[in-house]
Amino acid sequence: MDERHKQPSLSSKHADLETHAAETFRDHAGGGGGRGGTQRRLRNYQVTMIGFCGGIGTGLFIGTGVAYAHAGPAGLLLAYIIVAGVLWSVMQSIAELATVFPVAGTFPHWATRFIDPAVGFSLAISYGYSYATAIAQEISAAAIVVSYWTDLTPAVVISVSLALILAINLMNVRFYGDTEVIGGGVKVLCFLGLIFVSIVITAGGGPKHQSIGFRYWNNPGPWTNYNGVTGPKGHFLGFLASFVNAAFSFLGIETVVIAAAEAENPHRSIPRAARRVTYRIGFFYILGALLIGMIISPQNPGLVSGSGNANSSPFVIAIKDAGITALPSIVNACILVSAWSAGNSYCWVSSRVVLAMTTDRHLPQVFGRVSSKGVPYVAVITVWLFGPLAYLSLGKGGASQAWAWLQNLGTVSGLIAWATLSFCYIRFFAAMKAQGVSRDSLPWKSPFQPYTAWVGFIGSSLITLITGYSVFLKGRWDPSTFVASYIGIPIFIVPIFVWKLVHRTKFARAATIDLWSGRLREDEMPPQRKPPTTWWERILDQIF
């Protein structure tokens, strides 16, 4: 073999620094550069589809209806644009980190390395819990979606869905990647169809031949009143309610960077996924919000019916009102695929977070065991055991209340993770500057840093603080709602103090932060691809 292929991609000086940094990091934080036993089997096109479609569940197709009813056409569109800006900022920051450090679990390991091992421990608990319970949320949603066609007991749907998710996540990660490609393809085709149908409806091409245009922007108007509060105050409160719902719909997009540890070529696939998140945001969310404001009135009672299936989807309601009878069942089938695909994705994500906790010595090493194909089977089974919580959604009284709390806690944890990850990048940027390392040496640089990271950090923090704002309105105080909305904050903070008291960890200093261990070395690089020569090869190269 050519000798140059045996050398690290870093210079010899940096290679020495990498070894020393890894030893120092292992001694002080218990880590080993964040490397786990997984294998690089995800191909570029799989990472692309995970980045473009992964994590999209019922929130986009159904949850937007409630947000629209609260805010109206202008409020919904503005809320989605603002939250999209925050998410874009978070994604650019963490994608740069994932490209430089494509290690197991990524998120909690970065917090351990760049902030404090105590923060890494707490982030792993809150983020891992968030997505472990999200498995149950999406499976429960899938069971409700099936009720659109049949009276089959939801317990059967939940059981079958859980069995399939476990089987897929115990297989080679490339098989998981293929299921995400298929599920993502269904979502894209469904949404393309909804765009076409929405344009036809608003132009008067439906069976009733009623042209709508921007009718609902004029009557009842671009803004709606919130729970009887009228005027600018009511409009603003409605916008805030939509703002929170929009944030919850976006959660999950960031999970693509976890694929860095199992991607064949993270230096290529992760930056591409980060750039394509811009198109994903514009295509699925902003365009979707604009079309919803054109095809249905925010005063339609079906938007807040709470059915949980296609009957609550603003697209399906508009299709029915236009007199089109065949499409609602097709859209419901797409929603079912989206819900199941999201649950499958969340099992994969949360298992990799558990794996990350073993690399940083936050959990016993038994949880980091992997199969011969690089599957962390103990971690997969551990997080999958949260899936049966979906049966709680079938209960009444205490069980139903517990289910609502689990949902609220999971979504708040996701927002806290956005803020923490943005702060990880801020500390990484400070370390690069303090140690005199140029960002030009990185395999990929995200734009407008560190300002992009600050936007992500401040924006995510503000959204977290306003999630339960409605309980502070006059006459609306409810202790149960208050606790459900904000319990995620102390659950994140308390483990930090506990870990620091027990292990006496220290805040990472910019001058001593490890900037070298865990980087991709040349002997891990895949062979260089032959550059495209024909026009169709260039198109495919841009897509994948």
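Quick reminder: no glycine exception, Cβ is built from N, Cα and C everywhere.
Under the heading domain 'Amino acid permease/ SLC12A', TrEMBL lists 47-509. As annotated by TrEMBL, transmembrane segment applies to 49-71, 77-107, 155-176, 188-206, 236-257, 277-296, 330-355, 375-394, 406-430, 451-471, 483-502.
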Stretch-level contact, the transmembrane segment (277-296) and the transmembrane segment (188-206), CB cutoff 8 A, at least 3 pairs: yes
Which of 236-257, 330-355, 483-502 contacts the transmembrane segment (77-107) most, counting Cβ pairs under 8 Å: 236-257
Confidence summary for the domain 'Amino acid permease/ SLC12A' (47-509), mean pLDDT rounded: 84
Leading contact stretch, 330-355, 375-394, 483-502 vs the transmembrane segment (188-206) - CB distance under 8 Å: 330-355
Per Cβ pairs under 8 Å, the stretch of 330-355, 451-471, 483-502 packing most closely against the transmembrane segment (375-394): 330-355
Outside the transmembrane segment (451-471), six or more residues from its ends: residues with CB under 8 Å to it: 82-83, 85-87, 89-90, 92-93, 227, 237, 240-241, 243-244, 247, 408, 411-412, 415-416, 418-419, 421-423, 425-426, 429, 477-478, 481-482, 484-486, 488-489
Outside the transmembrane segment (330-355), six or more residues from its ends: residues with CB under 8 Å to it: 36, 38, 50, 53-58, 60-62, 104-108, 124, 127-128, 130-132, 134-135, 137-139, 141-142, 145-146, 148-149, 161, 164-166, 168-169, 173, 176, 179-180, 183-184, 186-187, 189-190, 193-194, 252, 255, 258, 261, 309-310, 313, 315-316, 319, 363, 367-368, 376, 379-380, 382-384, 386-387
Other parts of the chain folded back onto the transmembrane segment (406-430), taken as Cβ under 8 Å at six or more residues beyond its ends: 86-87, 89-90, 93-94, 96-97, 107, 110-111, 114-115, 119, 123, 126-127, 129-131, 133-134, 136-137, 247-248, 251-252, 254, 389, 392, 449-450, 453-454, 456-457, 460-461, 463-464, 467, 484-489, 491-492, 508, 510, 513, 515
